Structure formats: structure tokens, C-alpha cells
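Q: Residues or ranges marked as domain 'Wax synthase' by TrEMBL: 168-234. Annotation source TrEMBL lists transmembrane segment at 20-39, 46-65, 111-131, 204-224, 231-251, 271-289, 310-335, 355-377, 389-410, 422-445.
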Amino acid sequence: MTNSNTRTGIDAGNTTARTAIGYGLPLACVAVLLAAAPVLSSWARLFGGTVVLLVTIKVGSWVLLGGSRALSLSRRETLLYWTVWPGVRPDKFLQPEEYSEPDSAMFVVGYAYLLAGGLLGLASLLAVPYIGLAGSTWLLVAGFLAAVHQGLGRILPFGLRWLGYPVEPLFNSPMQSQGVADFWSDRWNKPFIGMNRLFLTGPLASRVGIKVAAGLAFLVSGLIHELAISFPAGAGWGLPFLYFVVQAVLYTVEQEFFPAPADSNSMLRRAWTAIAVVGPVPLLFHGPFRMTFIAPLLETGRALLLAYPLEAYVSAGLWVGAVGHFMILGASFQVPEELDWETDLAQLKPLNRKVMWTYGGYIVMMIVSFGVMTALFHEQLAAGTPVALGLAGLIVLFWTVRVLVDFFYYDHEDWPDGVYYVVGHTMLTSLFLLLIAVYAAPLVVHMLGA
């Protein structure tokens, strides 16, 4: 994939110059942001403390590592690094020896986190009257971390690998961490870990030892998070830094008294990691930040959500259901060829073969009927007439049974191999679940109304 004849970029020159530029650019960016703070809005400070600083660090690491001539990236790879890839180390961008094939589990888990994040976001809007605005901000923060970090953070490298770019994972199963050291040094936010190793722990470890270098990395991480969290909010100074001081202390205690063995896979250690990392999180995402940025998002989201009555969402969902059935129909027409029915059914007796085709035809007609009847009797379904609700109940039962059969009866080892089939199966199952929710909505609304 790499083509040395298509390299582009700069060569920062000798090592001293590269080091000066590599470290100097991010520091200059911080100085400019702090100087400009009085004239910047809170959202401009947030953009500057995150996106602008990230780009500057990427430029610094690019120069520090010698530019494109030393990195041997093609024009297309260089473009991906600068526009799509959130990591800061171009030398770790592509790792063909380790990540040559896409991992379908990465997509499935990432997609599940993406959906979970979306549901948490919706829950945060609905929870405001019950747990208050401040409490609901935590749900939205959790939803953001789930959807962006654990969802898109898996789907993005999966997609690039599928396209043929062997990128490293952005996260390495953080829920399986065996301690604070394991979490921060190998599992969570690998681009940030790579940045620390390039700028801090790598150069310092041989001089002051890995433990001291790691402690300094925690402190610098605290300062960076001050810039990304307290600086935009204009308040809460010191709390994100204190969070990483706590992490540094816990890391030191862990390393001194109960370091994790290399082959450790203990649930107790996972629980310890969760308590150590999540417990002090209120220091990191402090109140001023949440009330400055998260609370307005919640208020805007609730205003948009409540701008339409519940019946309008039920009605729109039913139209989605009608279209969804025809989408499933389109996928169903591919099943005989993709699963090679012609070969398998040829082994059956003629009568059994005809029976199987008849079963398939009946299923197709049911799907067509559900879609057509939803479109024709949309008003009755939305209004909750008894016959229409009976139809909605039948559709809910049909797709619920389909999902249960998939989970508990089909042997997934029998499915065709390949990422294409895993992605297709995941998306189809999501559509089945969506249809269940869409047609359950009028049942719930009108039964509760009654």
C-alpha cells in the first residue's frame, strides 16, 4: 500500500530542529490560546483547547518523527492521517504486520456502544424532570463517551481496515483492564497513550525510570485536560489536574503493592480498575464544564423533543416501519444466492423442496403485507383503532419471534464467513429491533391512554 514514490510533506531537518519544532508548536498553541482567552467565547475556547491543540500536536509529532520522507506514507495515507485519523503518531498510523484484516467483532461491539450511547442521550433528555438538569448531564456525558469513544472509536478503525488501511485500534478493550497501569498504558485512548510515549515517557524513561516518567505523564495529562475542560468553562480550575494526580497516586500504590501479572484476567482486578478510574470522574467532568456545555445541549434537545406531541413521533415511526419492511424485502431477495439455496435445496426430495420454497414465499408475502398495510392504514394505526392495534400486535409478535429465533435457535457458527455477512446480519437485526419498537409504540401509547 505504501508507495515511496508518492511521498509528500516536509523534512524538518536535523534532530535538534525537529525537537524544537515538535515540542515548540504545541506549547506555542497553548500560549496563544491562553493569551486570547479574554476575547474568545466558551465554545471557541472549547474548540481551541481540543481540535486546534490536537492538530498542533499532530503537526509537532509529524515534524518530530522526520516528516513524510522518514514516515514513508503515500499521499492518500497522508490525507487520511490529517483528515480522518484522530491519532497523533503517524508512525503508528499503519501497522500492516498486526492489523492487516478487519475484525468483525470490532464493528459489532462498536455498533452496540453507538446504539447504547444514543439511548443514553435520549434518556438524558427524558430524565430531566426526574433527576434534574445537573443529574441528566451525567447521562449525556456517559452517552457521549459510549457513542464516540467506544462506538465510533471502534467503527472508524474497522472501516479503514475494511478499505485496506491496517490502522491500529483506538481503544483496546478497556473494560478488561487489570489495573490502573493497564488501563492508562495500553487500553484507554491509544492515540493519547502514543502521544505520551512520543513526547514524555519514551524520552524520559531511560533517564528517570519508567515509574517517574509515568507519574510525569499523569501530571501533563492533567494539564492537557485542564485546557480541554476548565479552560473552555472558565471555572473548575485544578479539578481535572487533581483527577490525574489521584490516578498517579493509585498507579504508584498499585505498582508497589499489587502489580498485575502479565497473564492476569481477574474480575476482581477489573472491579478495582473501574472503581479507581470511574470513582473520581466528577473531578474530571466537573460541574462548571457540564453546566456550561452539557446543560445547554440538554435544554436545546428537550426543546426540540417537546416541540412535537408524542402522537407525531408515533406517526413518523410508522412510516419508518413501512419503509423498513421493504428494505428487509430487498435484503431477503439476496438470501437464496448468498446462502447458496440452489445447492442445498437440490439435496431435498421434490416435495420437501417445494414446501421450503412455499414457506419462503409465505414469509415474503407477510413482509410485503406488513409494509403495504402500514402505509394504507397508517391513520388507523396512529389513532389506535382496535383492528389497527391488533395488526400492530401481530407485527410486534412476528419480529420478536424472529429475533428470538436468531439469538436462541440459529447456530451462528453456520453463518457464512466474512465481514460482509457480519455487518449485514448486525444491521438487519437492528432493523428488526427497530420495527418491534415502532409497532409497540402505538400499543403502549393507546393502552396507557386507555
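Using N, Cα and C of the backbone, Cβ positions are placed for all residues, glycine too.
Caution: TrEMBL annotation is automatic and unverified by curators.
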Q: Sequence-remote contacts (6 or more beyond its ends) of the transmembrane segment (355-377), Cβ cut-off under 8 Å?
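A: Distant contacts of the transmembrane segment (355-377): 318-319, 321-326, 328-329, 332, 336, 345, 348, 388, 391, 395, 398.
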Q: With Cβ-Cβ distances below 8 Å as the criterion, list the same-chain residues six or more beyond the ends of the transmembrane segment (46-65) that contact it, or say none.
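A: Beyond its ends, the transmembrane segment (46-65) has Cβ neighbours at 9-10, 12, 18-19, 21-26, 28-30, 33, 36, 40, 71, 81-82, 86, 88-91, 195, 198-199, 224, 227-229, 231-232, 293.
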Q: For the transmembrane segment (20-39), what are the same-chain contacts with Cβ under 8 Å, counting residues 6+ beyond its ends?
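A: Contacts of the transmembrane segment (20-39) (Cβ under 8 Å, skipping residues fewer than 6 from its ends): 12, 45, 48-49, 52-53, 56-57, 59-61, 63-64, 199, 227, 231.
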Q: Where does the mean pLDDT land for the domain 'Wax synthase' (168-234)?
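A: Taking every residue of the domain 'Wax synthase' (168-234) together, the mean pLDDT is 89.
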Q: Could you give me the DSSP helix, strand and coil counts for the domain 'Wax synthase' (168-234)?
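A: Per-class counts: 54 helix, 0 strand, 13 coil.
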